[in-house]
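Q: My questions all concern the structure below.
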Amino acid sequence: MGDQLIDDDAYLLPTVRSRRNASSSKFCNMFKCCRNIFQRRRTLHSRTIRVGQGPVCGISHFPRNVVCNQKYNIFTFIPLVLFQQFKFFLNLYFLLMACSQFIPAIQIGSPITYWGPLGFVLTITIIREAFDDLCRYLRDREMNSEKYEKLTYADGFHPIESADIQVGDLIVIHKDKRVPSDVVLLRTTDKSGACFIRTDQLDGETDWKLRIAVPFTQNLHDDMDILNLNCEVYAEKPQKDIHAFVGTYRVNTLDGVQDGSLSVENVLWANTVLASGTAIGLVVYTGRETRSVMNTTLPESKVGLLDLEVNNLTKILFLFVVVLSSVMVVMKGIDANWYRYLMRFVLLFSYIIPISLRVNLDMAKLFYSWQIGRDQAIPDTVVRSSTIPEELGRISFLLSDKTGTLTKNEMRFKKIHLGTVSFGSEAFQDVSRHVESAYTGKLARHSFSAKLQAAVEAIALCHNVTPIEENGLVTYQAASPDEVALVHWTEQVGVKLAFRDLHNMQLQLSNGIRKSFQILHLFPFTSESKRMGIIVKDETTDEVSLLIKGADTVMGPMVQYNDWLDEECSNMAREGLRTLVVAKKILTPEQLSDFEKQYHAAKMTVTDRSEHMAAVVRRLETDLQLLCLTGVEDRLQDQVTTSLELLRNAGIKVWMLTGDKLETAICIAKSSGLFSKSDNIHVFGQVQSRTEAHNELNALRKKSDVALVMTGSALNVCLQYYEAEVAELVCSCTAVVCCRCSPEQKAQIVNLLKRYRKPLRVAAVGDGGNDVSMIQAAHAGIGIDAHEGKQASLAADFSITQFSHICRLLLVHGRFCYKRSCALSQFVMHRGLIISVMQAIFSCVFYFASVSLYQGVLMVAYSTAYTMLPVFSLVVDRDVTAQNALTYPELYKELGKGRSLSFKTFCIWVLVSIFQGATIMYGALYTFDSDLIHVVAISFTALIITELIMVALTIHTWHWLMLVAQGLSLSLYLASLVVFDKYFDRQFVLTWTFIGKTLSVTAISCVPLYLFKALRRKFSPPSYAKVN
């Protein structure tokens, strides 16, 4: 098998070497995360492993079995954190300003004026990053130090840490323990060689998966006998696909050579959990080569629209600084040192660009995330991306999955159709009687009861369900809730699944008799085949049968001619039922023998094994006897109808993207309320060519206010030729349903909206692994933690437990986050603008001198100690109550227009800053007595009080934290007036003259704005004020 290493290479990121001395120092292990930076790219190989001895063919450099999620190490931490910060224009600008203070010719005041705010921002960032990376390190260390047992010649079962496990080791894994690496399953404590694993941390599915040990090693007398085998195991090169594995084993014995194939059912992937028994496995992949690590991708970092808008405003402020500085230099007079004065003025006016803006917004987002997580009205909601909570306040399109999202993914068997008659839930007692009479053996072979009995028995046998008994209770484990619903129904009508292992199955009939079957072959369901099959042998009659169930689209051509299947499938789909076609074929011994030879040959191939196996099975799947058609109901989520109506009234267009049939999708859209009763439904035709797509799009263009239903195949054709036209026409529809939609198509639709409906925001909600691509592509991805597992929930930006919670998440928390962030960012800009206007006026009055108005300590204290708390307290403000936000969803429509933070509101705040800055500065100069220090005291005190009053005027609803912030800031400043006698004249600030002048200047700067706001609220109130 060594020749299979040829042309079997791939490239990934470099990894560390696997074989290391056990006494390696812990100091070296600290740098394992960055070592790959300095190594060349590593070639991935398939490998052949001799059991008990390790890899052969000379390959020994495999990655260490360590978990490393750290972003930094002791050397890279500071450089990488600083790079991440200074790649932003705002921080880089302030770094250059701060560094310029080391040049004496352009130095202005104390360097702390510039280094203080910058240092504060960087300190907060470094502390946060260090804490996050420390948490990652502690989690990694806990996983790397997990104890396992290694089977060796010398010591038998020897304890070993997860990080020390190497390729070729024989590892013992106990129940409820994490699988530390990818292993081939050799033995289990179950006599049949079966065990179950939980894969929710790998693929997000909560159902247990069945795994099977290698038959030869399972049948050994003792565990230690494994070490005495002359056995080689071949494993393909590391791949990403968790649903496939290609391998073989070869055992040399005295009687000859025994070989066999290995597939995905024979391996345990790393980070799955053993759910039953104890297992012994041969390690084939470690560390970075395991399936779980290779499937770990860093999703694209999402940046909110508000952040982009703030960044654009920051660039405008920078341009304003340059223009203002240039004007000051020109008015001063251009001489040989003009560039030096220009730089000094740029430094003086640098406070126009607020360095604290990013810190305030980041801290506010963390607060929003904490607030969402503790909302009792939407329990167990988790914010996984704290950088975009304000995106929830501007959603225009919501793309939703159907199964498990709009529906509960709780299946109930509702109908069975046999061609001539159908039975609904009210007639299942009749089914029981027919089945019971058929099993007595007194009826003719072709009687109706016998046909019904054959259909029920096929449903009870054709599945991958296993009964599990825990604490005296029997539960069914399967990969799909549809299968559990079918087995529950057969139990209800008198055919119970009593026992199942790898090779046998027993059905218990209503009369107490057990009927045994031997499982010869099982063909699992895949998304490509859309069907599953099983070959069983009735131990009573020795009859061998091929039983298959699957989607009508693939089963139709396989079954014998009939005139009812297509029509009844459509009828059931209109009732909102999920349909499955069940068929049977009796195999002769010759057919079975011929199939098994071909199938074994296909399983032993190393290249394209799956295709070869599927081709052999397809030769059997012809001329099948159609037994029945089943219908299973998927119940709607709680309050889904009222939730969709709320979202529609809020101006959010909801689209449903599903893999289900067209008729089922339309039925669910109607019953859930996605399509209103007044909607005209337009079903987009099946198109195959450009001309057909053009005609269908023209037909859609002629209609207005329609609800559109479209298939994934038709969408593909249209996007190939008319992408822009599709975006225009589809977005004009009142609601859209896209059926037969693949996961890639879901993400494609999201990207289509992002491209052609910019800057409108798109959200996506789903609950299954097939929704992850859509969720990660959307501006705001919302995952539902539900029956299908946690994969969508873990990949999403926000995780909720049911669809109805999305209304409060968007209409309440989305509104609050967006409105608060807008107010906060504009107020931080206002805080910098007003003091820069005062500086400009001061320089003009004193002959354009490039001298700072306030000392460095006062400048730093102004943006931190004196005003930070009151300004940041705006994060608890709210313009409407949560109840009103839900009662009047129309309020949400206005947020999508972006009027809370726009160039218009920015210009208004600039004008307010100019007015207040000029009023305070000219007022202080007008009341100027004889000492410049009095101008500083009056203007700075008026500035602080004005800021506190402006915060109060901006607040819609007072919170006790706002009062505390105002009181603390004012008390701290008043104490500073007395303590900082170096900057203030203590005797002067304690006089009534100072108090009177300060209050007069403050009143002139604030009263006109208060009157304007009061008049505007009275004669042109905003919509939110009308509902309060």
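Using N, Cα and C of the backbone, Cβ positions are placed for all residues, glycine too.
Given the structure is predicted, the values throughout are model-derived calculations rather than measurements.
Pulled from TrEMBL, these are the listed features:
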- 61-115: domain 'P-type ATPase N-terminal' (DOMAIN)
- 112-131: transmembrane segment (TRANSMEM)
- 316-335: transmembrane segment (TRANSMEM)
- 341-361: transmembrane segment (TRANSMEM)
- Asp401: active site, 4-aspartylphosphate intermediate (ACT_SITE)
- Asp401, Thr403, Asp767, Asp771: Mg(2+) binding site (BINDING)
- Asp401, Lys402, Thr403, Glu483, Phe525, Lys549, Arg578, Thr658, Gly659, Asp660, Arg740, Lys746, Asn770, Asp771: ATP binding site (BINDING)
- 794-1021: domain 'P-type ATPase C-terminal' (DOMAIN)
- 828-850: transmembrane segment (TRANSMEM)
- 856-876: transmembrane segment (TRANSMEM)
- 906-926: transmembrane segment (TRANSMEM)
- 932-953: transmembrane segment (TRANSMEM)
- 960-980: transmembrane segment (TRANSMEM)
- 992-1012: transmembrane segment (TRANSMEM)
Q: State the mean pLDDT for the domain 'P-type ATPase C-terminal' (794-1021).
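A: Averaging the confidence scores along the domain 'P-type ATPase C-terminal' (794-1021) gives 89.
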Q: If we skip the immediate neighbours and take only residues 6+ beyond the ends of the transmembrane segment (856-876), which ones have a Cβ under 8 Å from one of its Cβ atoms?
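A: Distant contacts of the transmembrane segment (856-876): 109-113, 116-117, 120, 351, 354, 356, 360, 363-364, 367-368, 820, 823-824, 827-828, 831-832, 835, 940, 943-944, 947-948, 951, 954-955, 959, 961-962, 965-966, 968-969, 972-973, 976, 980, 983.
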Q: Between the stretches 112-131, 828-850, 960-980, 992-1012, which wins on the count of C-beta pairs under 8 angstroms to the transmembrane segment (341-361)?
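A: Ranking 112-131, 828-850, 960-980, 992-1012 by Cβ pairs under 8 Å to the transmembrane segment (341-361) puts 828-850 first.
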Q: Return only the integer: C-alpha distance in Å from Phe525 (ATP binding site) to Asp767 (Mg(2+) binding site).
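A: Distance between the two Cα atoms comes out at 20 Å.
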Q: Looking at the transmembrane segment (932-953) and the transmembrane segment (828-850), are there 3+ C-beta pairs under 8 A, with each pair at least 6 apart in sequence?
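A: Yes, the transmembrane segment (932-953) and the transmembrane segment (828-850) are in contact.
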Q: Around Thr403 (Mg(2+) binding site), which of the listed binding-site residues (Gly659, Arg740, Asn770) come within 10 Å, judging by Cα atoms?
A: Gly659
Q: At the Cα level, what's the spacing in Å between Asp767 (Mg(2+) binding site) and Arg740 (ATP binding site), rounded?
A: 17
Q: Which ones are near the residue listed as 'active site, 4-aspartylphosphate intermediate': of the binding-site residues Arg578, Arg740, Asp771, which have a Cα within 10 Å?
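A: Final answer, ordered: Asp771.
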Q: Take the C-alpha atoms of Gly659 (ATP binding site) and Asp771 (Mg(2+) binding site) and report the distance between them in angstrom, rounded.
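A: It is 11 Å, counting Cα to Cα.
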Q: Measuring Cα to Cα, how many angstrom lie between Asp771 (Mg(2+) binding site) and Arg740 (ATP binding site)?
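A: Counting only the Cα atoms, the answer is 14 Å.
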Q: Far apart in sequence but close in space: which same-chain residues, 6 or more away, have a Cβ under 8 Å from Arg578 (ATP binding site)?
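A: Counting only residues 6 or more apart in sequence, the Cβ neighbours of Arg578 (ATP binding site) under 8 Å are Met411, Asp482, Gly631, Val632, Glu633, Asp634, Asp660, Thr664.
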Q: Grab the same-chain neighbours of the transmembrane segment (828-850) for me: Cβ-Cβ under 8 Å, and only residues 6 or more beyond its ends, written as numbers and ranges.
A: 108, 313, 317, 321, 324, 328, 331-332, 341, 344-345, 348-349, 351-354, 356-357, 360, 859, 862-863, 867, 871, 906, 909-910, 912-914, 916-918, 920-922, 925, 939, 943, 946-947, 950
